[in-house]
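As annotated by Swiss-Prot, domain 'ClpX-type ZB' applies to 1-51, with the evidence given as sequence analysis. Sequence annotations record features per position, and here Swiss-Prot assigns Zn(2+) binding site to Cys10, Cys13, Cys32, Cys35 based on sequence analysis. For 49-82, the entry in Swiss-Prot reads region 'Disordered'. Sequence annotations record features per position, and here Swiss-Prot assigns ATP binding site to Pro146, Thr147, Gly148, Cys149, Gly150, Lys151, Thr152, Leu153 based on sequence analysis.
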Amino acid sequence: MSRYDSHLKCSFCGKSQEQVRKLIAGPGVYICDECVDLCNEILDEELFDGNANPAPPPGSPKPATAATTSHQGPRKPKRSLTLSQIPKPHDIKRYLDHHVIGQNEAKKMLSVAVYNHYKRLAYQQSAEEAGETIEIQKSNILLIGPTGCGKTLLAQTLAKLLDVPFAVADATTLTEAGYVGEDVENILLRLLQVADLDIEEAQRGIIYIDEIDKIARKSENPSITRDVSGEGVQQALLKMLEGTIANVPPQGGRKHPYQDCIQIDTRNILFICGGAFVGLEKLVDRRLGKKSIGFVHPEESKTKEQRAAAILRHMEPEDLVQFGLIPEFIGRMPVTAVLDPLDETALTEILTEPRDALVKQYQKLMHMDSVELEFRQDAIEAIAREAFRRKTGARALRGIVEEIMLEVMYELPSRQDVTHCTITREMVEKRSSADVLLLPSSLPTPESA
């Protein structure tokens with residue numbers, strides 16, 4: 001096509017070549033750069049339109065709407081929830097007991113709260129059909145406990161039992177809208193991705209927000225400076241916790257005015273927030289007028305952490321306000337559970353008793369190399385003792401076992417003469433070599449000896 005042919009026009013808008021920046025020729029047709037830009041805008045709009053389901057560009061998430069599925073094949077039918085399908089509080093706690101050691105009071109509170117939450121969902125479905133107008137508000141949960149005591153594990157286990165989508169978010173990465181960091185809506189995007197971009201399924205899931213104490217207000221006077229990662233985040237979370245139609249950017253990141261967003265109703269999403277709240281026990285102790293921490297106490301056999309947990313059981317909402325949470329945020333967390341710190345006995349049980357206990361995991365790994373792994377009881381107690389000294393709860397257990405098992409897991413897969421390996425207390429305390437049992441054919445004969 002000659003660029004000097006002035007009679008050439010765009011086949012779509014009718015503009016001549018002189019009126020546009022570029023005219024592209026096809027077989028018998030022409031299109032200008034303005035129409036190309038318009039077509040791109042239309043395609044971008046339809047990418048997340050419920051009436052269209054085109055293939056997304058490489059590297060981007062698949063479109064998700066209430067009317068389409070994000071995976072190949074027919075859409076899963078919407079699951080109806082009846083009261084008989086919801087596990088009772090006793091059943092929930094029994095299931096938690098198989099996976100989480102201790103924390104009986106917290107398990108009871110969680111079992112009742114989760115049972116009531118999903119009973120509320122079942123009621124909503126039946127109420128819509130019966131035309132009832134009573135609306136039952138949801139009860140989000142606040143977990144308070146030291147690091148490594150099982151806050152996240154409790155939430156994960158609940159989601160596994162209920163077979164609902166579960167997402168974990170870190171509150172420390174969140175900032176107020178307009179500032180560097182993540183918007184609070186990105187929490188919902190994680191839940192949506194776990195649900196395979198099925199909005200209906202995501203809207204009945206569970207979100208666990210960890211390190212919630214890190215968004216406490218930095219100053220008692222909110223007017224001194226703008227607290228974009230503290231009070232600002234709390235304000236941004238309020239509507240989401242209570243229940244709202246949130247606009248979620250489908251590819252994450254910041255929202256902008258010309259972006260199509262996915263709408264998610266958070267009214268039926270259960271939010272569980274957890275944090276260590278270091279120093280909160282001092283505020284409670286001061287309010288009670290007692291000096292239990294650091295002085296001779298009637299329960300002097302307890303550790304400092306155990307005494308702190310006992311004081312936290314007398315916590316009131318005003319203590320959380322003084323810690324830095326705003327009253328509106330606390331009001332949307334009506335269920336508060338305090339978790340106990342793990343002592344040596346609990347750490348010993350964690351190593352062996354749960355279904356997926358750490359000792360069982362390493363025994364399974366070594367069994368795949370045809371080696372039977374045995375942990376002596378005194379070795380298990382020594383591991384628990386060392387983990388207790390590290391003051392990081394159950395998280396320390398895996399690190400210690402990894403240190404102990406490093407040489408074993410490095411050497412034994414290459415040896416065909418070992419059938420049994422024993423971990424002893426000396427190996428834990430001195431990092432000495434493990435006791436191994438050789439095959440009879442590999443044992444030295446008296447003559448060779």
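Along the chain as shown, the residues are counted starting at 1.
Placed from the backbone N, Cα and C atoms, the Cβ positions cover glycine too.
Taking the Cα atom of each, Gly148 (ATP binding site) and Cys10 (Zn(2+) binding site) are about 67 angstrom apart. In this structure the alpha carbons, written CA, of Leu153 (ATP binding site) and Cys35 (Zn(2+) binding site) are 54 Å apart. Per-site Cβ counts within 10 Å over the binding-site residues Cys13, Leu153 peak at Leu153.
Comparing Gly150 (ATP binding site) with Cys10 (Zn(2+) binding site), their Cα atoms are 66 Å apart once rounded.
With respect to their backbone Cα atoms, Cys149 (ATP binding site) and Cys35 (Zn(2+) binding site) stand 60 Å from each other. In three-state terms derived from DSSP, Cys32 (Zn(2+) binding site) belongs to an extended strand segment. Closest to Cys13 (Zn(2+) binding site) in space, going by CA atoms and restricting to the binding-site residues Pro146, Thr147, Lys151, Thr152, is Thr152.
Cα spacing between Lys151 (ATP binding site) and Cys35 (Zn(2+) binding site): 55 Å, rounded to the nearest whole number. Neighbours of the ATP site: apart from Pro146, Thr147, Gly148, Cys149, Gly150, Lys151, Thr152, Leu153, residues of the same chain with C-beta atoms within 8 angstroms of the site's C-beta centroid are Gly145, Gly274, Leu339, Gly393, Ala394, Arg395. The least crowded of the binding-site residues Pro146, Gly148, judged by other CB atoms within 10 A of its own CB, is Pro146. Long-range Cβ contacts of Thr147 (ATP binding site) within its own chain (separation 6+, distance under 8 Å): Ala276, Thr392, Gly393, Arg395.
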